[in-house]
Every structure is written in structure tokens, then in C-alpha cells.
Amino acid sequence: MKASMFLALAGLVLLFVVGYASESEEKEFPRELLSKVFAVDDFKGEERGCKGFGDSCTPGKNECCPNYACSSKHKWCKVYLGK
């Protein structure tokens, strides 16, 4: 009986400590999330000089990034495997 009471009390203390630690982390979470969203948003504003996988392209022009080639059939950049 004493052992079960001790385990129950230890479990409650552990639950309290974990809850307090997660609550303090949650206070910082919204700030971190907003900073990451705005950092990604700033990155999207930059344009690349070449087109990546799945971007539409014009065959014959060198618009795709290195290791990609413009498919004359589908008219989008695909991985260039060579021949």
C-alpha cells in the first residue's frame, strides 16, 4: 500500500514537471513559428535565374537549372539523365 501511494505521488510530481516544461516551451512557439513563416515568405520573393523540376519551359531555350532539361513533349523541366 505504501509503495503504490509513493508511485502515485511520484507520477503526479512527474506530470506536474512535464506540464510546466511544455507550457514554458509553448510560450516561445508562436514567436518561432511567425519568424519561420516570414523567413520562408521572404525566400519565396526571390526569383531564380533558372527553372526547377516541373516548371513550364520552352523547348530549345536553356531555361532549366543544371541537371534538368526541357521536355519537348510535355514542355516542363525534367531530370536530365543523359543518353
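Including glycine, each Cβ sits where the backbone N, Cα and C put it.
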- If you look at what Swiss-Prot says, which of Cys50, Cys77 makes a disulfide link with Cys65? Cys50
- State the Cα to Cα distance, in Å, between Cys65 (disulfide bond) and Cys77 (disulfide bond), rounded to an integer. 8
- Item | Proximal residue to Cys70 (disulfide bond) among recorded positions Cys50, Cys64, Cys77, Leu81 (C-alpha distance) | Cys77
- Outside the signal peptide (1-21), six or more residues from its ends: residues with CB under 8 Å to it: none
- Only counting partners 6 or more residues apart, tell me which same-chain residues put their Cβ under 8 Å from the Cβ of Cys57 (disulfide bond). Lys51, Glu63, Cys64, Cys70, Lys75, Trp76, Cys77
